[in-house]
Structures are given as C-alpha cells and as structure tokens.
Amino acid sequence: MSDFAIATSSAPTSPQVPIHTVGVLGGGQLAWMLNQAAPSLDLNLVFQTPNVSDSALQSVADLDQQAILAPITDAAATAQLAQQCQVITFENEFVDLDALGKLEAQGACFRPSLASLTPLLDKYEQRSFFASLGISVPQFATLTSDSLPPSFEFPVVVKARRNGYDGQGTFICHTSADLAQCWQQAKQDPSVLMVEAYVPFQWELAVMAARSTTGEISLFPVVETHQQDQVCHWAIAPVQLSPQTQAQIDQIASQILEHLDMVGIVGIELFQTADDQVWVNEIAPRTHNSGHLTIDACTTSQFAQHLRAISGQPLGPTHLTSAAVMVNLLGFETSHHDYLQKRQAIAALPQTFVHWYGKTESRPGRKLGHATMLLSSEDSVMAVEMAHKIEALWYGG
C-alpha cells in the first residue's frame, strides 16, 4: 500500500479535500516569490533545495517544517516531500522525470504532471511538439557534426538541448569556425546540441498563460522583452499589438496548454516578424522572469496564479493596473556585496519597487533582483527611458 495520502493525478482532488500544503522542487528566487504569494491563498509551501542560504528559505519561518535540504534530483528527498505535501510543483525544469515517475506511480501528485513536462524538457523535442501542432517555429535539426545540416545557412542559433537558461547554452553562430567551436565544446555528442535558423524578428515578446485543474485558461498581458547576450534585461507592458497578432498569441497559448493538459502557469517566449507573424521561441513550464512585473502591475501576480491553478482554486483576474517596466538587476562582478546603496537609489525613484533575492554571491550575469517601475503613460519610449535610468543607477559607478 502506498504511503502517500495525496492525489494521484493532475486532475482536481475531491472538493472535500482542499489543498493547503504544496511542495516546491527548487529554492531559488522563483520559489521565494511563490512563498510570498502563498499566505493570501491559505497555502503553506515546503521546499526541496540543497542550501539553507537559498533564496526561498530567506522568508521561511520554520526550516524544520518548510525545508528539505537536498538537491532537487534526490528522489528519496522528494519521496519525503510527497509525504508532507498534497501536491508538488516545480521551480525549474532540471528534474529527473524517470525518478519522479516512480513516485507518481506510488501516488505522488505533480502539477504540472510529468506527462505535461515530458515533451518540453529537451528543446529539440519541444520544437518537435510545437511543429506537430502546426505552430510556427524556426527551422530546426539535431547537430551531428561541425558542419551545417542541409538547407541551413548562417547565421544559425545553436542550443543545448537540456538545462540551458539565462543565455547559458545558447550561441549565435555566424561562421563555420563558430559552429566548430560549439561542436568541440559539446564533445562531439549529437545528443547535446540542436541547431535552428536565425529568425530576423522585429520584436521579442512573452506571455504568461495559466490553466487550472478545471481547464480554465487565463492569459496575462503580453510584454515586450529586451535581450542582451540571450539574457533578458528588461520587459515592458502593455505592448501595442494588432488584433491579428493578439489573436495569434491567444491561439498559440491556448493550444499549447490544452494539448499538454497543463495545470499551472507557463512562460512562452515569442518572436514577432516585420510581416506581423508570430513564432514560438521557447516555453518554460513554470513561473518566468518575463512575468515579474505582474507582482506590482497586475491584479493577480504570476506566482499567485500558478498557486491558484495547482491548488484547485479559481484563476484570478490578470489585467494591468498600470503600465510598467521591469528591469533585471544582474551581477556585474564577482563579489559578496549586498549593493544596498544602489538598491536604495533605485527604490527612491517614483513608483518603483525593488525585489532583492538575498543571494550571498554576485557573479557576472547572475540575477540578483529586479525592479519594477509603474508608469503614468503607456508610451513605450518613456518605458525604455526609465529602463535605462534604472540600469544607469545599477551598473553606474
């Protein structure tokens, strides 16, 4: 007999058994922001994360009750998490589905379900899934040598098929020498890399979309993102979209959520081309950096929405309460500095909210926090100016 007195699928549990305890695999800043949203929903979160210094544990009142200190790939620790929680969710996708599948077979409830995650964790398989739905994606192929596959031309994008994030594992190759270097770094293993055509996009967009246990779907306003070296530096909302583009995005998001039988929130990264076509770049089956401005600028945050979805509660309204720009506060040096003066200077700007993740070490490119400024106008030029103003305070001397 199973030891898990919890639900057995992503379907809603009995109305007589409301969910109050949620396990989270991961303890970074996304888990920390989930924990901030939990009390208002009458939810208690328990985190499986390796270090007591991890961001999520900075706001935990009782480590003994709310933390299992172990790597997220430790299946024995996840079995313990399942015994303490009614449902388990994910902060990131760096998980071992085979090991978790054994727990699911014993009664552990994962939301999103492991079946929903299966086509998404490998970027080549993710691309294949989108293509099977008729969703526009860049031309793609596995990389089996240091030469371009037939019908590809430079420039191309080379990606690690698994575990890439924040620009890591993504390379823009303009020449054969660039491609050969990527191939050597992958130790000539064709299971490691994929290649895709470079899309000459006009805008990079993103949308957060949630689906509940009852199949209710809700989308947040689309944001425009600005990337440098494949890392998001800022995001602004709202975005002035044509009705055609908005309809394309709505259709893409709903189609993906329904075909995956997704329960929870996803972040969908998109390209918009000059001819008003929308292409899917990637999907993250979790809360996402591009949705951080929802904390301060939307009626419901992406974190509250995810918790609502996985706990069987109705989804909340998603409309903007203000135009906004969100700026990531990225590490620019190796240091143990807390940058208090810089944070205070940014927080002193009108209608600006600084979210600091409490990380003990800064490294170049590491996400240390973010700042969201609420704007009095939907003028995108003003939004970009304010993003640059925040960046000047953060990166300036």
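Any Cβ shown, glycine's included, is placed from N, Cα and C.
Its Cβ placed at the centre, Lys123 (ATP binding site) has 22 other Cβ atoms within 10 Å. Per TrEMBL, ATP binding site is recorded for Lys123, Lys159, Glu196, Ala197, Tyr198, Val199, Glu204, Asn281, Glu282.
The annotation domain 'ATP-grasp' is assigned in TrEMBL to 127-311.
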Ordered by sequence, the long-range same-chain Cβ contacts of Glu282 (ATP binding site) under 8 Å (at least 6 apart) are Lys123, Gln126, Ile268, Glu269
Site extent for ATP, whole Å (max Cα pair distance, Lys123, Lys159, Glu196, Ala197, Tyr198, Val199, Glu204, Asn281, Glu282): 19
